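Here the structure comes first, spelled out in structure tokens, and everything after it is commentary.
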């Protein structure tokens, strides 16, 4: 499992060995013997496949020697045919073992990648709201997407391309040493070293060229999209020629970079072919010379040629393999960087669950700000009695919505305490805390699923009867009944297929399914028209019965019947009392009420 605090790796982005070391437990899980057996089985298939491949040139050599030395006699023909059949069987066996290896290992690779992705996803849900507000959602999901896609390919190349090639190279060196001596061994080793060094050097250069090409491609696309999105502005100012020139400049830069990238590939292919063919020509010339001296046979020529061809065939892809492994390690490291991200708001060790008998809420001298250089709440203190209806109002920026975020413990206050039923919320589990709270926000976001799913989301395992009861309580049951598909009606992405009032009723029903003792309405009607607002307010009043309710509001008319109204001003409690008490004081609340009443009167006069 991922650590609860960051491990502060030196540099996960570039430390490939450290990244592989961290991934090893996913590939060799201590708690899954079946997957470990699959890994062993895949390795066994690799070894059997490579052993078969290494045996093929021997069969090829024996068949050729039988044909050239036997003079067509029946025994020689029989031997030659036998080795030809052995060669064919060996090739089939090589393909068989390779595919069996893939079949055996596929589950290992997929499970390892899945478990890593699951750990990253779980970690993301543990991170604070600050992290998610600071990072783009698409950026985070892209890290997971790239990581899961590249890990599988990287593992394939590491385990089934690089490792078998190293095994084959070692075996070829031993075979050449035993059969032909030091000269051919030295030439082969030097050629492989030159091949690998050249491929790595040119591939590094090509990677930089490719990155530049991709960056310029993005710039060209961005300029085109920006220009077309601002079509009217371009026309207003007659700037078509300027836009065309800007796009042409970006497209030209991209084309130049693309040409360099493709030319570099040609250079890589030429360099690789030069090294391989120099070795092949030298090795075969040396073998032909040995044949002319009577030391070697025609079969030895075929033997050497076949081994070198088999050896360099996987090396032909070395450039792509190197890039893929390099990118895979970077993508995997990015996933580990997410896992290593510090959890800002965490449960204290052995934290108990919150037990709510009397759902009171207390803010005790709370000091908080989203940034250390900007304090939002300045020693805020107030108490919400169990079963009461309390409203929080104030000018924009007074810290009203911050109270809801602190109560849900999306952030911890710098100083002071927040208590529910006398228990400090920082000392109880976050799961139990949030189970005691329900919220209907200003913009209720729904999942891209059915109405039934969104209502039942309030509590895991909610029954259909509970969903029906919640829909009736939120006064949306009749609307659902009129829909052709009823509860199975899709709401669309973020609930866009529903009106604002319908979305709010679904959100209220979802909260009713949760059935928390404390309810928060965070400007739940501010985005609705007046008629819909009144309907929703009636529903909210019914829902709030027998619960502790905190309503954060901008329009004062929606909370005038609250038991207590808290008036915030610049992060401090300026006033508190009932609606009539606050009007009699003629303070900030009375000023806000008079201003909103005047604005409402102006709107009414304009409508008439």
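Glycine is no exception: its Cβ is also placed from the backbone N, Cα and C atoms.
The model shown is predicted, which means the values in this text are computed figures rather than measured ones.
Topology check against Swiss-Prot: residue 25 and residue 108 carry an identical topological domain name and occupy the same side of the membrane. Of the listed segments 131-154, 155-178, 203-226, Swiss-Prot assigns transmembrane segment to 155-178.
Matching 20-38, 229-247, 248-266, 267-285 against Swiss-Prot, the residues noted as transmembrane segment span 267-285. Ranges compared are 180-202, 341-363, and Swiss-Prot records transmembrane segment for 180-202. Neighbour count (other Cβ atoms within 10 Å of the Cβ, all protein chains): 16 for residue 401 (ATP binding site). Around the Cβ of residue 370 (ATP binding site), 13 further Cβ atoms fall within 10 Å across all displayed protein chains.
The binding-site residues in question are 319, 395, and the one with the fewest Cβ neighbours inside 10 Å is 395. Fewest other C-beta atoms within 10 angstroms, among the binding-site residues 397, 399, are seen around 397. Candidate binding-site residues: 210, 405. Fewest other C-beta atoms within 10 angstroms, 405. All protein chains shown were included, and the count of other CB atoms within 10 Å of the CB of residue 270 (glutathione binding site) stands at 11. Counted with DSSP, the topological domain 'Periplasmic' (286-300) comes out as 10 helix, 0 strand, 5 coil. Across the residues the record lists as binding glutathione (206, 207, 208, 209, 210, 269, 270, 271, 272, 316, 317, 318, 319), the two Cα atoms farthest apart are 21 Å from each other.
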